[in-house]
Amino acid sequence: MEIIKGGETKEYGNSIHGSEELQHGEVTDNSDDLQRHLANRQIQLIAVGGSIGTALFVSIGGALNKAGPAGMFFAYFFYSCLIALVNNCMAEMATYMPVSGGFIRMAGHWVDDALGFATGWNFFFYEALLIPFEITALNTVLGYWRTDIPVAAVCAACIVLYAACNILAVKAYGEAEFWLSGGKVVLILILFAFTFITMVGGNPRHDAYGFRYWHKPGAFATYITTGDLGKFEGFLGALWAANFCVVGPEYISMVSGEAKRPRTYIKNAFKTVYLRFGLFYILGALCVGIVIPYNDPTLVGILQTGAGSGTAAASPYVIAMKNLGIGILPDITNALLVTSIFSAGNTYTYCASRSMYSLAIEGRAPKILRKCTRKGVPIYCFFVTMFFPLLSFLSVSHSSNLVLGWLIALITAGGLINYICMCVTYLSFYRACKVQGIDRGALPYTGYFQPYSAWIGLVGLVCILFCYGYAVFLPGRWSMADFFTSYTMVGVGPILFITWKLIKRTKWKRPHEIDLVWDAPLIDAYEASFVGPPVGFWTEMVQLVGFRRNVTVDKRDV
């Protein structure tokens, strides 16, 4: 087996990577205790559907009601383009430096230790609060079949299953997500096919409704006020819904520290994000605006009262199926929705524990949290994370819809802050490469249109963050509860940053001070330890069903 010895080096531009850690032919997965066991097919499916859950299938109905089909479509298109710019930044950084903790540790190493502290804790709370959100949403979806399902029992069952999936080796998590994410892809394809077939007349009513709802009741809805201002406010409402729905680069960044052949597999995963934005989010928003009107009585009833005669569990697609008199398919869709929502919560559990672990290994969380099992699972971080799903029991004494509203408001701004930190980190990384004479074209992946891509993404996201929650300041709409849920996360980030900066007296790093070598020698050695070429995604897929078994595979890829 070819191994990079202590004396060998690898060059990226003018930066020479040697390693004091790689002595006597020793090769390790990481500089920490996490292990690289996620295979190509698992990473690709996690990239495609690991974080897709409630927002794309259920919560998107609220965006339709606020903005109308055209307003929602433009909002999702605009926001997807912004996050594609962020993905362009993260792809370059994470492919070059696929470390545990991803963008969290990059912020600390390449910008300011205080930013790493603030980014890490913001992302931890963001992910941890998403877990009870998905559990609560699961209760809502199960209400489609019957309303007497014990809420507490569902919450407890989810917590136990999340624990089982995440307490084992990361390979077990990857395998679970591979199949669950595959189910999401199947569900999305079913819904797209349903939209096209029914809109051209393939439904029990033989009603070729096409784009009827774009004309009646209209392409744009008004929200808060009336007229053109109301339409713009509807667009803003849909934009914040898109912020909660459109995600991706942060999750690939987080798994990069446990991915096999990260320079190849992580790069390919980031490339699939652009396709996912176009097919799943933008096309998904278009389909939702086609199948039901924004003023559908069932949809309005669910959003306003949380009632809906037992259909509070239904997504806009399920409402459309029932409106058209289609049987069986709503049950299939709802069943796949259950697995999709469960999968999203599983991914959030994984990311929350890994984000806390990344904080611990950098000294930004208690040292005891660095403890890992022999399978590479940060066990104490996992236990801390599992306290947050207990918040889902709030839905036992409160309406699930009310709890969902609280959690969405708390979480939404946190996602924006994550992306803003990624753009800031990339700009610092870009300047460091330029000042230190490193040729970015020689890196494993080079982002397009940089640094303008990062600047456009940063400015756009900051503008959205400032507009978020503005409605609470309008005359007659002041509410302390709304103010708290809208701006809690916005205030927490700066407080964390300033507090850590004052305590540790950290400094904003200058371009020539930034360590661009970091773990690169270790990663280079790990990549070089593979004998054969990487196995393609489709080769792995057909091997699952018994074909192409004769393809030579490095045993470490299995």
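Placement of Cβ uses the backbone N, Cα and C atoms for every residue, glycine included.
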| query | So which range, 45-64, 525-544, gets flagged transmembrane segment in TrEMBL? | reply | 45-64
| What stretch in 45-64, 151-173, 234-252, 483-503 has the biggest tally of Cβ pairs under 8 Å against the transmembrane segment (185-202)? | 45-64
| request: Grab the pLDDT values for the domain 'Amino acid permease/ SLC12A' (43-508) and give me their mean, rounded. | output: 86
| remark: Same-chain residues at least 6 beyond the ends of the transmembrane segment (451-471) with CB under 8 Å of its CB atoms are 79, 82-83, 85-86, 88-89, 224, 233, 236, 239-240, 243, 409, 412-413, 416-417, 419-420, 423-424, 426-427, 430, 477, 482-483, 486-487, 490
| remark: Near the transmembrane segment (377-397) in space but 6 or more residues beyond its ends, with Cβ under 8 Å, are 33-34, 128-129, 131-132, 135-136, 139, 151-152, 155, 158-159, 162-163, 166-170, 345, 349, 352-354, 356-357, 360, 368-371, 403, 407
| Non-local residues, at least 6 beyond the ends, that sit with Cβ under 8 Å of the transmembrane segment (45-64) | 38, 72, 75-76, 133-134, 137, 140-141, 174, 177-178, 180-182, 184-185, 187-188, 191, 237-238, 241-242, 244-245, 247-248, 251-252, 255, 269-270, 272-273, 276, 280-281, 284-285, 288-289, 292, 294, 299, 302-303, 315-317, 319, 337, 340-341, 343-345, 347-348, 404, 408
| request: Six or more residues out from either end of the transmembrane segment (234-252), which same-chain residues have a Cβ under 8 Å from its Cβ atoms? | output: 43, 46-47, 50-51, 55-56, 59-60, 62-64, 66-68, 71-72, 74-76, 78-80, 83, 86-87, 89-91, 94, 102-103, 123, 220-223, 266, 269-270, 273, 276-277, 281, 285, 347, 351, 408, 411-412, 415-416, 418-419, 422, 464, 467-468, 470
